[in-house]
Amino acid sequence: MPADLSPIDKAKFAAAKCASLLVEDGMKVGLGTGSTAAWMVRCLGERVREEGLRITGVPTSTRTADLARQLGIEIVSLDEAKWLDLTIDGADEFDPELNLIKGGGGAHLLEKIVATASDRMVVIADAAKEVAQLGAFPLPVEVVPFGWQTTRTIIEETLISMDVLGRTTSLRQNGSQPFVTDEGNYILDLHLNRIGNPRQLAVTLNQIAGVVETGLFIDICDMVVIGGAEGQVELRDIAAGTVRQERIDFPDTVNIFTDL
Ligand SMILES: O=C(CO)[C@H](O)[C@H](O)COP(=O)(O)O
């Protein structure tokens, strides 16, 4: 087992490796964004190289596109692919109904478009992402830069009538500048602590002019693969009512991680 990987990275790797095995030859696959998704892209790259797996990937960010290209995965735009067999992505939180908060990496707009254009969305996560109720992770809301301060005020006023515990917002920064998404927008992080009704909140926020998309993914995720630091994985499919446990063997050399 590689000595230099932290327990959390081992957990992310286990989930990513397990989900990468769901990909079959000829599939069109949505490639998520973030550190867990990056492991999955590396695992798919390994399968492309070593098994000759033929897949077409649709990346959800420039970061993921760059990584996939480097690893020899053929990538196309969503417009070229049109519809996908499967999207595999990380998440910041998931609840018992597999509703999600995403957007910690600022890519949730493209991630949501890609996930909803897929037959199945599989989330890969470590156990720390599981929550009884969404909201401890600040909810990312992508907003158009034009008039963003007005949009922020309207969001804050709207939150007064919502079933949430906290109501402060912050503009995501990249150093001393606002963080800018791949689509040229800003991100407001909503510090809500607990979201009583995620479905209602998502619909309400999406009605505000200037809001492009929220990081709430409601009824989009089909299955979560939860990885553990010892290589154990749990596959939870709420709709099918199944929970499956498996074990993923870690590669026994350090190099395989750096080579992936
Ligand atoms: O939504 C995302 C990016 O927009 C990521 O999937 C989410 O932030 C999880 O990231 P990580 O796997 O690094 O914990």
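Cβ atoms are placed via backbone N, Cα and C, with glycine included.
As recorded in TrEMBL:
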type: ACT_SITE; residues: Glu111; note: active site, proton acceptor
type: BINDING; residues: Thr33, Gly34, Ser35, Thr36, Asp89, Gly90, Ala91, Asp92, Lys102, Gly103, Gly104, Gly105, Lys129; note: substrate binding site
* According to DSSP, which of helix, strand or coil covers the residue listed as 'active site, proton acceptor'? -> helix
* With a 10 Å radius around each C-beta, find which of these binding-site residues (Lys102, Lys129) has the fewest other C-beta atoms nearby. => Lys129
* Structure fact -> CB neighbours within 10 A of Gly104 (substrate binding site), counting all protein chains shown, number 21
* **Which listed residue (Ser35, Ala91, Glu111) has most other Cβ within 10 Å, given these are recorded positions** => Glu111
* Rounded to whole angstrom, what's the largest C-alpha distance between any two of Thr33, Gly34, Ser35, Thr36, Asp89, Gly90, Ala91, Asp92, Lys102, Gly103, Gly104, Gly105, Lys129, listed as binding substrate? => 16
* Report, in whole Å, the straight Cα-to-Cα distance of the residue listed as 'active site, proton acceptor' from Lys102 (substrate binding site). => 9
* Determine, to the nearest whole angstrom, how far the Cα atom of Lys129 (substrate binding site) is from the Cα atom of Glu111 (active site, proton acceptor). => 18
* Rounded to an integer, what is the Cα-Cα distance in Å between Asp89 (substrate binding site) and Glu111 (active site, proton acceptor)? -> 8
* Asked: About how far apart, in whole Å, are the alpha carbons (Cα) of Gly104 (substrate binding site) and the residue listed as 'active site, proton acceptor'?
  -> 12
* **Between Ser35 (substrate binding site) and the residue listed as 'active site, proton acceptor': CA-CA distance (Å)** => 14
* Structure fact -> Quick tally, other C-beta within 10 angstroms, Thr33, Asp89; top of the binding-site residues is Asp89
* If the substrate site is taken as the center of the Cβ atoms of Thr33, Gly34, Ser35, Thr36, Asp89, Gly90, Ala91, Asp92, Lys102, Gly103, Gly104, Gly105, Lys129, which further residues of that chain fall within 8 Å of it by their Cβ? -> Gly32, Ala37, Ala107, Glu111
